[in-house]
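S.K.: Checked TrEMBL, it gives:
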- 1-248: domain 'Protein kinase' (DOMAIN)
- K23: ATP binding site (BINDING)
- 256-293: region 'Disordered' (REGION)
- 261-274: compositional bias 'Polar residues' (COMPBIAS)
- 308-358: region 'Disordered' (REGION)
- 314-326: compositional bias 'Polar residues' (COMPBIAS)
- 339-358: compositional bias 'Low complexity' (COMPBIAS)
Amino acid sequence: MIGSGSFAVVYRGYWRKTEVAIKMLQNNIKNDQNNFLKETSLMLNLRHPNVVTLMGIVSRPKLCIVTEFCSRGDVAAIMLDEEYIVESEHIRKICLDTCRGMTYLHGENVIHRDLKARNLLIDKDWNVKVADFGLARAYNDQPGTMTACGTPTHAAPEVIKHLHYTGKADVYSFGICMWEMCVRKEPYETIPGFQVIVAVATKRMRPKIPATLDSRWSSLIRQCWTEDPELRPPFQELVELFEQMKFTTPLKKMPYKESTKNSFTPSNSPLRKSSTPATPIPPPLLSPINHGKVSGGFKKGEIEIVSLDEDSSQGEQDGNVKSPQNEMDAMELSTPTPSSNSNSGFFGAFFESNGENT
């Protein structure tokens with residue numbers, strides 16, 4: 001077994017002497033079968049070097065999807081492994097591959113709806129491929145407002161709030177992905193998922209961007225996760241931008257491990273401001289970000305808030321945050337509505353429908 005999800009387990013196997021990944025449905029619940037078949041139907045006609053290829057379907061004894069095997073795992077595993085040396089040029093290449101794959105998907109009228117570093121797989125040649133279409137939906141599948149879903153840490157505000165959303169929701173998620181790659185941490189890692197949802201929807205919370213991050217990255221991240229979906233760049237523009245970006249040539253073409261573990265930050269890391277001339281990119285689309293604290297127990301300096309009103313005050317307080325107990329994988333996000341009980345306010349309905357302990 002090489003992985004598992006909410007309704008399937010993934011194994012490595014062989015088909016016609018070719019190594020493949022086999023996603024096997026864990027049970028025969030009709031709902032899960034429908035989700036499984038929906039993923040299959042979306043993948044059937046998708047063919048792109050940066051999108052995981054469907055090889056076939058097995059119906060018995062258990063329903064399985066057979067896809068190409070990506071031997072190097074996912075991007076998140078690389079970024080969270082401290083033994084890997086990751087430089088800006090490596091991240092640029094990963095981002096370029098991702099945006100090429102997403103440009104293709106949007107051109108096929110498919111919204112991914114759960115884009116994150118764990119759903120970006122890497123093959124033996126270090127090509128990045130967009131994967132896991134379990135939550136994807138065709139644009140014309142359901143006009144108007146679509147069901148809110150996705151991973152809480154990566155879900156766009158309009159998705160959380162059950163507003164009508166488009167492929168620009170994927171661009172927001174890609175902004176969080178870039179942050180994951182540049183900072184090499186999981187977003188909001190000390191904050192429970194339901195608190196993330198509340199703060200993103202009501203306070204415009206974003207992961208904190210380190211002051212030492214190369215301005216080219218910080219500017220681009222902010223453009224992708226800006227609140228107004230219309231101001232987020234489309235993936236085709238991002239492809240053109242990443243094709244033009246220039247960074248110092250790394251020691252090796254892709255992330256690599258030293259023979260002994262290093263504790264220093266490489267000079268070409270995105271967390272070291274580059275002394276080389278920056279490739280011109282559009283100015284940030286967001287207003288200046290204030291560092292502060294949202295009420296609800298967030299740690300000081302853990303988040304960033306974009307101020308909505310000039311007269312709004314944002315005090316900073318110390319707080320203690322418990323490690324998240326809830327699962328941070330893809331989940332349904334309920335429409336926030338006021339409630340008269342102890343959970344009254346924006347997310348009363350969310351707590352009730354998801355069984356959160358308050």
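Along the chain as shown, the residues are counted starting at 1.
In case you wondered, yes, glycine gets a Cβ from its N, Cα and C as well.
Where the annotation comes from TrEMBL, it is an automatic prediction and has not been curated.
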S.K.: Express the predicted model's confidence over the domain 'Protein kinase' (1-248) as a mean pLDDT, rounded to an integer.
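M.R.: Summing pLDDT over the domain 'Protein kinase' (1-248) and dividing by its length gives 88.
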S.K.: Hey, does DSSP put the residue listed as 'ATP binding site' in a helix, a strand, or just coil?
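M.R.: For the residue listed as 'ATP binding site' - judged by DSSP and reduced to three states - the answer is strand.
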S.K.: With an 8 Å cut-off on Cβ-Cβ distance and a minimum sequence separation of at least 6, pull the same-chain contacts of the residue listed as 'ATP binding site', or say none.
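M.R.: For the residue listed as 'ATP binding site', the qualifying residues are A8, V9, V10, C64, I65, V66, T67.
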